[in-house]
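Following: one structure in structure tokens, then a few remarks.
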Amino acid sequence: MMDSPSSSSSSSEFVSIATANQSAARSSGEGVATEQSRRWHDVFWLGIFLIHLIGLGFLLGVLGLNRFERENRLNIDKFTSRFSENQSGLTETYWPLYAAAGGVGTVLGWGWLLLLGSQATQMMKVSVHILTTYLAVVSVLCFWTGQIFWGVAFAIGALLQFLYVISVIDRLPFTMLILQKAVKMIWNLPEVMRVAYVFMFVVLLWMALWSFGAAGVVASSMGDGGRWWLLVVLSVSLFWTGAVLCNTVHVIVSGMVFLVLFHGGRDAASIPANSLVKSLQYALTTSFGSICYGSLFTAAIRTLRWKIRGFRSKIGNNECLLCLVDFLFHLVETLVRFFNKYAYVQIAVYGKSFNRSARDAWELLQSTGVEALVAYDCSGAVLLMGTIFGGLITGTCSGIWAWVKWSDRIIMIGSTSMLMGMVLVGLAMVVVESAVTSIYICYAEDPSLIQRWDAEFFNQMSETLHQRLQYRSARAREVLTHDRFDDLVPQNARI
């Protein structure tokens, strides 16, 4: 740990350097307050998403209706005759299980939003520490019901989760600090909470249709192989649709948080009128294509990056393994440059395309050194743990009900119900994540915005940033010293 005088002076130097660019940041930020026509971006991906939504909606309706109240109502079983036949059922037989999943996921998501102001930190801590245990319990249940593959899969998931938490345990205090301040910001913006509730209702409407089709697939006369392939396709579609809706909320909330920080408070007279309506309008029109595009890749890349960063810090001196992990690390870092969650703040504020927003946001974070702080923070991973935990609870509830009635359908129903729960709980989590990303972007553009909002928090961020930059410098000097030593040692002496 660095001594406080050095830390304070270095923090002051960083602030003075960043403050030198305040006028530029403020001039660029004026685009937030001024009326300006925004261009449509990533229209191709907007079209792909809408075509996918319409086509899949039609397919879901057909799959559900074919088994609704009467078997093979639409006479489409003839197209599945090449698949091995299985005992068929009716859509309404399995639809209530998905209704239960939607209800549980909604209660968990709404409950999390309601407890956001008072118990959010405790809930985040619980999600970090209990997820490993819950994964292990689900693994045991899978082994007990004879589902060996899924039992092994959940056991591996529990082990990886445990190793990840151990690898980042020293980062959790700072992570919880960031999350507390993000919650404080969101709690003072009740209008964005209402937006989250509205979007959760929209997700429920889509899930009613989605689960209708999924229940029709489970009830179909196809063998398990054909059913699984169809359910995988439907799950990928639900994941993309859920990610698009979550990131739409992300853009809306990010725009509002940035406005509040930029103008010095939600009651400031300089905040544009109807800012929430305009943010919603931009998110659903000119920026919607960029949201659809980014939603395809950002979640998977972010998750992979968290895991690699966690393991990379705990490898030690195993050069062979370190070389492999470093290769993966640099590959993922390259992808992060083009697909990162900070792009949504740039989309919300400036109306850029997704790729340009991601590139500009990443260059901003790196040029100011704030990327070192972002890399140290695990708030995104903590929120993802809460999302997975909510999905596991949802899947377990539906899975137990399915096990009581039809033990051979437990994994099909449980896994798809888990995905439904993750989407619904993720909508609640993304509200906080939006505030986190906006705080980092504001800190990188103009640190005085954070200082004006919360001076103590600003000092804590600056102190941590100073420590991380010194740590990186020490690591770089260590690597250079090691390389020079290797160059100086004669070849025969190494042997």
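Placement of Cβ uses the backbone N, Cα and C atoms for every residue, glycine included.
TrEMBL lists 43-65 (among others) with the feature transmembrane segment.
Packing against the transmembrane segment (95-116) from elsewhere in the chain are residues 64, 123, 183, 186-187, 193, 196-197, 200, 204, 207-208, 211-212, 214-215, 386, 390-391, 393-395, 397-398, 401-402, 413, 416-417, 420-425, 427-429, 431-432: each is 6 or more residues past its ends and has a CB under 8 Å from a CB in it. What TrEMBL records for 95-116 (among others) is transmembrane segment.
Under the heading transmembrane segment, TrEMBL lists 128-146 (among others).
Per TrEMBL, transmembrane segment is recorded for 152-174 (among others).
Here TrEMBL flags 195-222 (among others) as transmembrane segment.
Taken from TrEMBL, the feature transmembrane segment applies to 228-261 (among others).
The transmembrane segment feature in TrEMBL is assigned to 282-301 (among others).
Annotated transmembrane segment per TrEMBL: 381-403 (among others), in sequence order.
Only residues 6 or more beyond the boundaries of the transmembrane segment (410-432), in the same chain, are considered here, and those with a CB under 8 A from a CB of the stretch are 94, 97-98, 100-102, 104-106, 108-110, 112-113, 116, 120, 142, 145, 147, 150, 179, 182-183, 186, 192-193, 196, 199-200, 203-204, 207, 210-211, 214, 218, 227-228, 231, 234-235, 238-239, 242, 245-247, 249-250, 253, 379, 383-384, 386-399, 402-403. Feature annotation from TrEMBL assigns transmembrane segment to 410-432 (among others).
Tallying C-beta pairs under 8 angstroms between the transmembrane segment (43-65) and each of 128-146, 228-261, 282-301, 381-403 places 282-301 first.
Between the transmembrane segment (282-301) and the transmembrane segment (381-403), the number of CB pairs under 8 angstroms, six or more residues apart, is fewer than three, so the stretches are not in contact. Pairs of Cβ atoms less than 8 Å apart link the transmembrane segment (381-403) most often to 128-146, out of 128-146, 152-174, 195-222, 228-261. Residues of the same chain lying 6 or more positions beyond the ends of the transmembrane segment (128-146) and with a Cβ under 8 Å from any Cβ of it are 152-155, 157-158, 161-162, 165, 172, 382, 385, 388-389, 392-393, 396, 403, 407, 410-411.
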